[in-house]
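Feature annotation from Swiss-Prot assigns substrate binding site to 19-28, Asn110, 137-138, Arg214, Asp252, Asn363; the stated evidence is sequence analysis. Feature annotation from Swiss-Prot assigns active site to Glu174, His250; the stated evidence is sequence analysis. What Swiss-Prot records for Cys369 is active site, nucleophile, and it gives sequence analysis as the kind of evidence.
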Amino acid sequence: MKHFEANFDGLVGPTHNYAGLSFGNVASLNNAAATSSPKDAAKQGIKKAKALADLGLVQGMFAPQERPDLHTLRRIGFTGSDAEVLNKAAKEAPALLRACCSASSMWTANAATVSPSADTHDGKLHFTPANLVDKLHRSIEPVTTGNILQATFNDSRYFKHHQHLPEHTSFGDEGAANHTRLCSEYGHAGIELFVYGQEATNPSAPKPQKFPARQTLEASQAIARLHQLDDDNTVYMQQNPDVIDQGVFHNDVIAVGNQNVLFYHEQAFLNTQAKLEEIKRKFGESPLHFVEVPTAKVAIQDAVKSYLFNTQVVTLPSGEMAIIAPTNCQENPAVHAYLNELVTLGSPIKQVHYFDVKQSMQNGGGPACLRLRVAMNQDEVAAVNQNTMMNDALFARLNQWVDKHYRDRLSVADLADPQLVIESRTALDELTQIMKLGSVYQFQR
């Protein structure tokens, strides 16, 4: 049977804006209050997803969340019509309004953690939406994320869906951005790497001092239990607290893995050598490639600014691996020089493809943030909601949909415009029909 690693990218929502909501994310903070282009952002994401499909990869799309989130604004005491709720929130609590208008669900690397059927006791593909409790604007996502996942992977013979973890910082969970999987082949049992920032129940354990550690060891262990993983195919690694304090808010900003390659910065982890030995031991005899980028070649600051590690490492139908990088990597001399060298180093990575995702990058999310990886066999791929899979027809339909519903420009002040609610709901209602999702949104229920 054939096996694939599919990428599911998040469609950028109609309220894409730069509100600087993500403390610890340097790009997000640096671009706060800039004017965004929801239309450009959505089209950049759709174009990137189509390009990967054209490379021969299995590519799907996730719908965005309903924003502005009037349900949450009402839950915290704002009353009246939709227009009155927005007006009151804009006057009395503008920061809360901004949080309820974020299009951050486009970064589907944070949507969930996924364990393929080759790794799990029951032989099913497991999904757990991330609770994202560290950031208010993301903590309101998990219920709708679960609805969208279930509408996309809706065959219970193959797919097992879990509720997100308890909404407490002890179980802070940021999804696949802190999880990667190493394997000899996508269909073989692999090693699932869970990377955490701190131990919630051990105050004396190392943790960052300046920026928050968003993922806890306790959350990672809970996911592994839910997904029915063995100790023999799980490794827990702590991210270096010093790099978190330098703006590496998720592990996918400093490391990325694919099949038998782990591509990471020299400073990415604590106890690196011991953990690499554990991975080798559990991985077995098959070839395994650790590609370590030394600080002398790429400083942490350059890695964060360019998002060198927030690239996608993908296996092409030819068997060669390619890096899908943002154009920012081309524009950074040290990073560009390193990538040119990387393809000559003898690892399976032989190609680099550059994509313009600047609207996402300015809010702190590169190519890897925009996708959730799902390793599947051909029966599982066939069981996915096919209306979510990228092809020529969906590409054309989504571009037409964006042209019809999205604004060219959006400022933070525009978030209080009642017309934006109507535009957004009209767009999402039509999208659920295009992608055959059913009633996944609060306003449809």
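Every residue gets a Cβ built from N, Cα and C, even glycine.
Counting every protein chain shown, the number of other Cβ atoms lying within 10 Å of the Cβ of Cys369 (active site, nucleophile) is 27. Neighbours of Leu21 (substrate binding site), defined as other CB atoms within 10 A of its CB across all chains, total 22. Shown are the recorded positions Arg138, His250; the one with the most C-beta atoms within 10 angstroms of its own C-beta is His250. Listed binding-site residues: Ala19, Asp252. The one with the lowest count of other Cβ atoms within 10 Å of its Cβ is Ala19. For Asn110 (substrate binding site), the spatially nearest entry among the active-site residues Glu174, His250, Cys369 is Glu174, judged by CA separation. Within 10 Å of Leu21 (substrate binding site), as judged by C-alpha distances, no active-site residues are found among Glu174, His250, Cys369. Mapped onto three states, the DSSP output places Ala19 (substrate binding site) in coil.
Checked against Arg138 (substrate binding site) by C-alpha proximity, the active-site residues Glu174, His250, Cys369 yield Glu174 as the nearest.
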